[in-house]
Amino acid sequence: MTKFFNVIKRFAAWKHAWLAAILIGSMILHLGLLWHPNELVLDEQYYVVAARDYLVQGDLHQPEHPPLAKLVITTGMQIFGDNPFGWRFFPAVFGVGAIFFFYLILRQFPLSQTAVNIAVSLFAFENATFLMASVAMLDIFNVTFMLAGFWAYLARKYPLAVLFLLLSALCKLTGLFPVIAIALHWLVFRRDKVLILAISGLAAYAGAILAVPGLEYLLTGDWSNPFSRINHLFTVPGTITFENSTHPSALHPWQWVLGYYIMPFWWSPQYLSAVTPTVWAITLPGFAWTSWLAWRRRGETAFFAAAWIFATLVVWIILGAITDRITYIFYFVPIVGGVLLAFALFFDNAWAWVRGTPRKIRGLMPEGVGIGDRDPIKETNTETNAMTPAGGQTSGDFPPVPPEEYVHESQPPKPGWWTLVRRRRLFFIGMGLFITIHLGFFLALSPFTNWWPTNPG
């Protein structure tokens, strides 16, 4: 028994213990859902039925979408059989992978470990994201590769970033939108490795032209003209408009944030595509705040969060206004990470205000907590956010936090102790309520609400 407790203590002392617990817990929840319901949910009726044809190299289905995600779903059915486990196993794995890559993204910025852990937890238990990892549809594959691409770019692994973004686009064409966020950030803050980026981009372009018919050949046994297929991919989605298509859950992109919508996928257990209200409520304020910080304070963390939301939300709104394209509320899933990155930054800035030690910092971190500052909750490993010398490396399996440049300014007098006590109380009550409400809405919207009594198996 003593050995068991020693193992638990050592695990708890590991700086990535919280992430490991979240990943394990999320996978357990997904595995518990895989068999429920034992029928096709929403667009599974297209992709699973198509996969049954692909297993015998039948006709190409849904030609308006690239083939990679369809190939992954088909592979799951080939390995595990034509059953709910085979349909949904790889979406669940990619859903857990999305959490992992989101954690790596947060670690690239000078955020406190507490802010990172909370943001990752909110991401793992965000209803729309969790739901898309529970069904055999395209979106979770697209989002996971997008997050992997963001991490690789922030870690300056540019060829790997281009590869991940190519894979994202080969799952769904919206995988091209994150390129806008990266391009904006690179133009403002980096402008490095131009030749490597150019070569990687050209290779990705050529690879995409060949990959689409190549992957479809694996599915159907037929080879199509690469240029005709690429042209078809970019023209057919433009015909899915409000003028010539109808769907009771169809939305304009601006409706995602100007109203709250729920799209039922299934009723028992309930699969409700709805953004967790806490995330939905802070999307526009988070975008406005990070945009202001990026403009006024040149904060890199804020800039990337704002660019992320711009590329995955504002670009959709612009395209929707121009093309009248039909969209659905589950298209919101790629935005969630950008919103929670903004939340993590707000958390650290709010804690700095609580302590009465705000400061202006240029570079990676705008006004808020500097690298190496203590968290509101004492951490076991304070070296997590230690400053890394330029070009240096830190120990451990995870990438180091990038260096930053401080600008110390004269500070106003520190508030009195009673003011600090009231601020601390306000901070913990506010954050505690936000997290509790978030988890409460997740439970209310998730399939676990009515899973046990209605699905005996």
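Backbone N, Cα and C atoms are what each Cβ position is placed from, and that goes for glycine too.
Among the features that TrEMBL reports, transmembrane segment is placed at 12-35, 85-106, 127-154, 160-187, 194-215, 271-295, 302-322, 328-354, 426-448. The domain 'ArnT-like N-terminal' annotation in TrEMBL covers 26-157. Sequence annotations record features per position, and here TrEMBL assigns region 'Disordered' to 374-412. Residues or ranges marked as compositional bias 'Polar residues' by TrEMBL: 382-396.
Per-residue confidence over the domain 'ArnT-like N-terminal' (26-157) averages 91 (mean pLDDT, predicted model).
Spatially, the transmembrane segment (194-215) is not adjacent to the transmembrane segment (271-295); fewer than three Cβ-Cβ distances between them are under 8 Å for residues at least 6 apart in sequence.
Take the transmembrane segment (271-295) and the stretches 302-322, 328-354, 426-448: counting Cβ pairs under 8 Å, 328-354 has the most. If you look at the transmembrane segment (328-354), the same-chain residues 6 or more away from its ends with a CB under 8 A from one of its CBs are 102, 105-106, 109, 111-112, 114-116, 118-119, 122-123, 126, 128-129, 131-132, 137, 139-140, 142-143, 146-147, 150, 174, 177-178, 247, 249-251, 253, 256, 261-263, 273-275, 279-280, 282-283, 286-287, 289-290, 293, 299, 301-302, 304-306, 308-309, 312-313, 316, 366-369, 373, 375-376, 420, 423-424, 426-427, 430-431. Within the domain 'ArnT-like N-terminal' (26-157), the DSSP-based counts of helix, strand and coil residues read 90 helix, 0 strand, 42 coil.
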